[in-house]
Every structure is written in structure tokens, then in C-alpha cells.
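Structure first, then comments.
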Amino acid sequence: MDYDLVMEDEFDALCLDVRRDHDSASKTKYPAKLHARKVVKELGVDDGLIYLPGQPDISLENSDQPRLFRQRRYFFYITGADFEDCAATYEVKHDKLTLWVPYVEPRQVLWFGSKPSAAECKRRYDVDEVRYTTQLSSFLRRFAAQPEPPVVYILHPDQAPDLGHGSQSQLRLDSSLLLPAMDRARVVKSDYEVAMVRRANDISSAAHRRVAERILRLTNEREIEAIIQAVCIANGSRSQAYPIIAGSGANGATLHYGANNAPLGGKQCVVIDAGCEWNCYASDITRTLPLSGSWTPKAAAIHAIVQRMQQECIAKVGPGTAWRDIHLHAASLGMEGLLGLGILKGRREDVARAGTVAAFFPHGLGHHVGLEVHDVSGTLALSAAEGHGTQLDFGKRAMVTPSMLADMTRSASSPDAAGVQERKTQLLLPNMIVTVEPGIYFCREYLEGYFRSDPAHADFIDWDLLEEYYDVGGVRIEDCILVTEDGYENLTVAPKGDELLDVINKGEK
């Protein structure tokens, strides 16, 4: 991979030109038709109409200022169109995908600029036809007027199409099948989508590198956030996939910390979780940096445990692997590490049976990445905690309680239970993109609020020794991993390990 590094004096940000062979994908048409056909395959029908409205232009409440636009991801998936007030229809029987775009009056151009024309949309997106939304109602009325109109598939009842002219809808609507079908289609990425996530990771990795180069000169968490945004914007990405997390000291123990306004002085570490979007596709990267340029003994010990957790878990990624098993391996390594430090104590078997390590590693190992940073998981969850009615869903960050972890461990070791769980648990497939993000956290409120008074766990924790680790805060390391035919590829190129320490201490070139 080659980089061209350019200083942009206007905002003192690193401009990154990443040259890869796969970047040509971003210059081709968005594969809308491919994605629509994937959806129909999962839908399992040979006739009908898929109707998806895009995000309308909406003003802030009691204001004439617009809300920050974010395209509806299901609509985007089968069109690639990233502007307001559009819609999409796909006629299943005729394999015809139509993008409906708004007509922009000249006076609107004066105030707000133009939007892509119908001809431009045809060049950008692999759709069969581009028409104006002013014609959509008449199209739908003709569809409804058929002697036996096919079913119209919509995501939600409140997205039923408007036939206009006060007509009562004669459409046969189904809002139960499309969403799960689209989730199953989205969970395995097309090559185009992989290229988009790769590009987002390249830019975000450059942002993390730039923070590492400057970290010894920074004084406040907000400076970290500013650098990340500047680097991403300078490289063409104006949108972060999620709010930037820059938690120093005890703030690093808050999983979704967002204030980003605390001074860095006197802290051991800072957890930086940040990833931008490229063409609506997300990245998700976390690095933990020593603020002095070297690890304190306590932070070094925790970082070593988390680093091993991530390295070994990434090595286990491959087609046919159950995510539950990788998560359990991470939890086992975390438990062994904390037992070695004396933070956890007691017989290994007893600690494992209780699941007490979840007090320190309280979230799932990872999630899908795509059009959402916590992307859809299809129909099956990554892991299922039997008896809890709660799933460790790839698409949403979920709390992993000790009892859930204990149930997962028991099901994995019991042949009968494992068979049931295997049918409930998602196996990794080629072209899935997942994060591997183990972490160990010392959140005083969480630990003392739930575990100190719980006899099932209190005796397995050395509370006096734990006091010496609260100032570490937390350590998390996260990369985006592409599942390949024969294993995996790490899409994240942000420095970590010894390379990260070298970057920190060498500073800016």
C-alpha cells in the first residue's frame, strides 16, 4: 500500500492519498441491481414490488434549519443514492429497479444548489430507470389497478406508499418479510462494499496515526477529537460512523464515553475509538495509547492481556467458525490474565463457572460493519445466551453479564446443548466484515455497584489490589476483519503494539 502524505496548512491536517488496486471500485457504478437481486433471493418470491423511501429533507424542530442529513441505509443499499427526497421500486417479476428522484426547481438551486440529474444518476448507479418522484403516485396507482396486484413489500407499516389524490390504498402490503430478507442480504458484503469499508479504514487509520504522532503534545481529550475530524475531512470523509470516543484515565472505562473534554495531564492511558464513513460505509477502530509515551507497569500488564486476546481471536477468524467460540476464547484469555495478576482469585474452574471475568470484559467481542457501524447480523445472532432471551447480536453492542457468559461456556462444553446453540448461532462466512475488539475495564461504579455485594462474585475479586488498577481506566484494541475464503484479512492499518509506541515517541515527521 502506498501513501502520498500532504500537509494542508489551512487546518494543519494530514491529507492521505491511498493508492490501492481495489480503489477502482469507487469509480464504478454502485452495484444497486446486484444488491436488489440479493434481496429478492432472500425474500424467496418471484413476483411483487419492493418499495423503499429515502430520507426526506426535514428541518429541526421549531427551526428553519435542516437536520443533518443521513440517508436511510436500506434505501441506500439498493440504490447508492445519497441525497434527500428519493424513493426506489423494484419490480421482482421484471427484474426492474427504478430510482425516483426529486425535481429541483431553478429557485431551489439558487438557495441550496442542485442535486444529481436523472442522467447523472444513471451514470452513477446500476439502476434500470431514473424517474422523477412527481410521477411516483401515478405509477403506484397503475400498479394497484391491476386485476390481481402483486404484493408490495415495505420495511415498516409507516412506510406505506402514498397513492395521492385522496385515493384509498388498494395495494396488498406486506411489512413482515422485507426487513429480515434485507438483513440477510446485507450481512455478506459485495466486493464493492468491501472496497468502501477498506477505504474508510484507510482514512481512519491515518487519523489514528496522526493522533499518535501528536499525543505527547496534547493537553485535552478534545484535541484528539479535533485531529481525527480534521484528518478525515481532509481526506474526503465528512462523516464519522459514530461519535468519537477519546476517554483518558477513568473515562476509558466508560464504553461509549462522549464528553471528550477532560485534561490529559496525570492520566496513564487514553482509549480512542473512532472511525469515519466512506460513501456511507463505516469503519470502526480503537487504540489505547500511553500518554507518557511508555506504559506504566499496571497499564502494561493490562495492555498485554488485551493484545493477546485480540491477536489470538483474530487468528481464529475464518469461514465456518462460530463467533460464540471466539468470544469464549477471548473471555478465557482475559480470565487467565487477570488471575495471573491476582485481580481475580480462586480456583480457575470456579471463576470460569461463575463468569466473573465479565465484570472486566462486559461486552461482546465484536459486531458486523457495513452501512452501519453496528451493522445488521442477518437472522441469526453471533452468540446466544440460553435461558436469558438475550442474544449477543453482531449488529448491536450488548452487555455480557457473568450469568450469560457462564451459560455460553456450559453450552459450548455440553454436546447436547452445543448442538442446539449451534443452530442459533451465526457462523462466519466469506465477505462478512466483523470487528475484533476485546477490552478490559476498571469501572468503579459498575464493579462496586454490582459485584462487591454479590456473593457469587465478590470472593473471586481482590478488592484491595483492584484499587491499584482503577487509574488505568480501560484498554481496548479494535480492528475491522474481513472474512476470506481461507481465513481473514485485517482491513485496519492503524499502528498498534510496538509500532504504535515507535510512532508516539518519534512524533511527527
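Any Cβ shown, glycine's included, is placed from N, Cα and C.
Among the features that Swiss-Prot reports, Mn(2+) 2 binding site is placed at D273, D284, E478. Swiss-Prot lists D284, E437, E478 with the feature Mn(2+) 1 binding site.
Listed in chain order, the residues near the Mn(2+) 1 site other than D284, E437, E478 are D273, G275, I285, T286, G366, T435, V436, R476, I477, D479, C480, each with its Cβ within 8 Å of the site Cβ centroid. Report note: the Mn(2+) 2 site is defined by D273, D284, E478, and the residues of the same chain whose CB lies within 8 Å of the CB centroid of those residues, excluding them, are A274, G275, I285, T286, T435, E437, R476. In space, E478 is the closest of the binding-site residues D273, D284, E478 to E437 (Mn(2+) 1 binding site), judged by Cα positions. Counting only same-chain residues six or more apart in sequence, the Cβ atoms lying under 8 angstroms from the Cβ of D284 (Mn(2+) 2 binding site) belong to A241, Y242, D273, G275, V369, V373, T435, E437, E478, C480.
Counting Cβ atoms from all protein chains shown, E437 (Mn(2+) 1 binding site) has 25 others lying within 10 Å of its own Cβ. Residue density at D273 (Mn(2+) 2 binding site): 24 other Cβ atoms are found within 10 A of its Cβ, drawing on all protein chains shown.
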